[in-house]
Each structure stands twice: as structure tokens, then as C-alpha cells.
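Read the structure below first, then the notes.
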2 protein chains.
Amino acid sequence: MTAIRYPNGKKYVPAASANASKQPTMQNSYSNRGMTLEEDLNETNAYYLEQNIAVIHKKPTPVQIVQVDYPKRSAAVIKEAYFKQPSTTDYNGVYRGKYIDFEAKETKSRTSFPLQNFHDHQLVHMRKVAKQGGISFVIIRFSLTEEVYYLPAERLFEFWDRMENGGRKSITKAEIEESAFSVPLGLYPCLHYLSIVDKLYFAEDET
Amino acid sequence: MTAIRYPNGKKYVPAASANASKQPTMQNSYSNRGMTLEEDLNETNAYYLEQNIAVIHKKPTPVQIVQVDYPKRSAAVIKEAYFKQPSTTDYNGVYRGKYIDFEAKETKSRTSFPLQNFHDHQLVHMRKVAKQGGISFVIIRFSLTEEVYYLPAERLFEFWDRMENGGRKSITKAEIEESAFSVPLGLYPCLHYLSIVDKLYFAEDET
């Protein structure tokens with residue numbers, strides 16, 4: 001789960017590359033800060049895994065492979081491939097027997113979170129997961145203020161439906177503060193988002 | 001989830017390529033029949049998804065990207081990349097609120113299933129999933145006889161531990177018949193493996 005780097009040490013940023021053509025305005029926020037949220041989540045998930053708290057992984061970036069060379073006595077080399085749009089969310093796994101499924105996004109805006117960060121089919125996926133009784137949510141970071149929120153999928157659906165019915169194309173910061181839960185930032189783990197899952201789904205076990 | 005094909009129409013077989021150097025004796029079974037099991041499972045999962053029965057996807061093949069070109073006015077092209085060994089199993093998702101996690105393998109042998117089909121870290125992953133209360137199993141196809149079995153992970157662990165303690169490096173066909181469940185073959189879906197999950201985990205709901 002280590003970050004992929006070019007030979008010159010520059011970090012490889014798949015989300016930005018894959019979405020660059022569609023979301024030019026988001027590209028800067030991805031390339032400057034996007035990996036930080038991903039790295040924090042990877043570290044958190046590695047901590048959960050090591051401590052036997054949960055098994056949650058980021059899915060590999062989907063790639064359409066066109067040409068592969070098989071040199072003698074060495075590993076196969078992919079010579080031509082393209083980024084594909086993911087058909088699901090990026091993270092999933094299991095926690096206390098329950099299926100966990102989420103997407104992580106960040107924005108440089110201080111005032112709202114743009115819904116264009118999501119694709120239609122990701123919403124379709126999240127609705128199906130919720131219907132199957134999975135725990136589905138979004139981790140949203142406001143990168144300028146370093147605030148991280150856990151937004152339950154059910155609330156995201158409301159904002160999405162509002163947009164589809166002609167309403168605003170973003171969730172205001174005030175709405176996020178009202179609908180989402182602040183994720184505690186720490187060292188181990190750095191983004192303890194499962195503490196929110198505990199509160200929302202396992203609260204009765206602790207009383 | 002469509003199969004990747006080379007421009008000449010030849011099917012692209014990632015599992016065989018990635019493992020070819022390690023498992024030369026398995027390569028033929030993968031290249032001739034391997035995609036069939038994968039295709040059957042993809043079709044089955046597409047059926048489950050469409051019918052709102054379950055949300056189960058195959059994870060993308062993990063690829064280590066080394067070089068990407070960004071031509072003007074067209075999509076980014078990956079020019080150099082390598083297959084990575086997956087750190088988890090290939091399939092996961094949610095069914096009736098429960099986390100589902102499995103690996104699919106086939107063999108050309110008529111008499112046994114070689115344990116070299118699995119990597120250490122896949123077993124580590126499956127044990128962690130089982131500890132978290134996830135439903136973990138292996139789908140095994142004997143390609144020459146077209147028989148498909150559902151082997152619960154707990155039984156696989158026993159055979160794996162026997163090997164690590166110096167015992168045989170495969171599971172005999174007789175042992176599979178005893179420890180695993182035959183997966184019904186049909187049209188919709190073609191491999192109804194969730195019927196076994198129903199029997200094993202939700203049987204009391206139906207009585």
C-alpha cells in the first residue's frame with residue numbers, strides 16, 4: 001500500500017489523472033493535497049489491520065490493459081494501458097462482521113463541498129450497498145482547514161437528490177456541520193473514522 | 001467487468017501472467033479455462049447486482065505504474081507498468097448485511113487441488129476476515145469435470161496448517177467432496193454460490 005512514485009521521486013496521483021479531463025477545477029486540490037487524505041486513510045487502515053480492529057483496503061486503481069510484453073527471464077511489462085473510471089467506491093472491508101464501504105474526497109473550498117466530486121455510478125453503488133445493509137459513507141476533508149467529516153451515505157443521497165431535482169450542486173459547509181460527524185484526528189490511528197461507525201451502529205453494545 | 005482482449009481478439013489473462021514465473025505447471029490450466037471461471041463469476045455477480053440480491057465485485061488487477069504520458073487533448077497513457085501480487089482475495093462485497101470475501105481457483109487435476117494456488121498473504125487475509133466475522137471461502141473448479149465447490153475458509157485453514165506442519169501440499173478430491181459444498185450450476189445465475197451462504201449462515205431464517 002505504499003505510494004507509487006515516478007523515478008524522479010514525484011508522486012503518482014491516479015485520481016487527478018483519471019479525472020483531470022472531467023474536473024479541471026478539482027485537479028489542483030487533488031494533486032496538492034489529495035494524496036494526503038489517501039495516505040492518512042491507508043495508514044489508518046494499516047493500523048486497523050495490524051491491531052486486528054478491521055480489515056479495510058483501498059481497491060487498486062482500475063486499468064484497461066492493451067499491450068503486454070513478456071521478455072524472456074523477466075517480469076511481464078505492461079506497455080500500453082489506460083485509466084478506467086471506477087465502478088464502485090475506493091475503500092471496502094469488514095468491521096465487527098459488518099460490511100464497510102466508503103469513498104474519500106477533499107476540497108479546497110472553505111464554504112461548500114461540490115457534488116461533482118462523485119460520479120453517477122458511485123451513487124448507484126452506494127445506494128445498492130445501503131440496501132444490502134452495508135455501512136456506506138463518505139470521508140470529506142476540507143484541506144485548507146484540515147477538517148475531516150464522516151457523512152453517512154443516506155445524507156449524501158438527500159443532497160444528491162436535491163441536485164437532481166434542480167437544487168444546488170454542492171453541500172454547504174453549514175449543512176455538512178449539521179449532517180456529518182467530525183472525525184477525530186490523532187496519531188494511532190490518524191483518522192479514527194471507525195469511532196463514528198461505533199457510535200452510529202454499535203452504540204447499544206457499550207451502554 | 002468485460003474481459004480485456006488484445007487487438008487480435010486474444011483474451012488477456014492477468015492471473016496466469018502474474019503467476020507464470022512462480023507456478024509454471026498451473027499456467028496451462030489458467031490460460032485455457034481460468035477465464036471461464038472468472039467470467040462465470042462475473043456474470044453471476046452481475047446478476048446478483050441487477051436483481052438486488054448482493055453487491056459483489058472482482059477487485060481490479062493491482063498494477064505498479066512506473067511511467068505515464070499525458071498527450072495533449074487525449075487520455076493519459078500508461079507506458080510502463082508491472083503486475084503486482086494482490087494482497088487480498090479477488091472478490092468481496094455485501095450480502096444481507098454480511099461481508100463476503102472469496103478467492104476463485106481452478107485446477108486441471110482430477111484427483112486433488114494443489115495448495116500452491118494460494119499465497120501466504122492471501123491466507124493471512126482470509127484468517128483476518130474470518131476473525132472479523134466476515135464470510136470467507138474459496139470457489140474451486142475442477143475444470144476437466146466442470147465440478148465447482150464452495151470450500152469454507154475454516155476448512156482451507158486446516159489443510160493449509162497440515163501442509164505447514166509437513167503434510168501433503170494439496171487437498172485430495174475425496175477431502176474436497178467431504179469438506180466443501182457443491183455449487184449448483186445454472187443459467188441465472190450460472191454459479192449460484194450464495195445459495196451455499198444461505199444454507200450455512202441464514203438457515204434459521206428459513207425454517
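Here the Cβ of each residue, glycine as well, is placed from N, Cα and C on the backbone.
Keep in mind that TrEMBL annotations are predicted by a computer and have not been checked by a curator.
If you draw a 10 Å sphere around the CB of B:ASP90 (Mg(2+) binding site), it holds 20 other CB atoms from the protein chains shown. As annotated by TrEMBL, Mg(2+) binding site applies to B:THR88, B:ASP90, B:GLU103, B:GLN122.
Feature annotation from TrEMBL assigns site 'Transition state stabilizer' to B:LYS105. Neighbour list (B:LYS105 (site 'Transition state stabilizer'), Cβ cut-off 8 Å, at least 6 residues apart, same chain): B:LEU37, B:PHE113, B:ASN117, B:PHE118, B:VAL138, B:ILE139, B:ILE140, B:ARG141.
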Please report the number of other Cβ atoms within 10 Å of the Cβ of B:GLN122 (Mg(2+) binding site).
19
Under 8 Å Cβ-Cβ to chain A, which of the binding-site residues B:THR88, B:ASP90, B:GLU103, B:GLN122?
B:THR88
Residues near B:GLU103 (Mg(2+) binding site) in space but at least six apart in sequence (CB under 8 A)
B:THR89, B:ASP90, B:TYR91, B:PHE118, B:GLN122, B:MET126, B:VAL138, B:ILE139
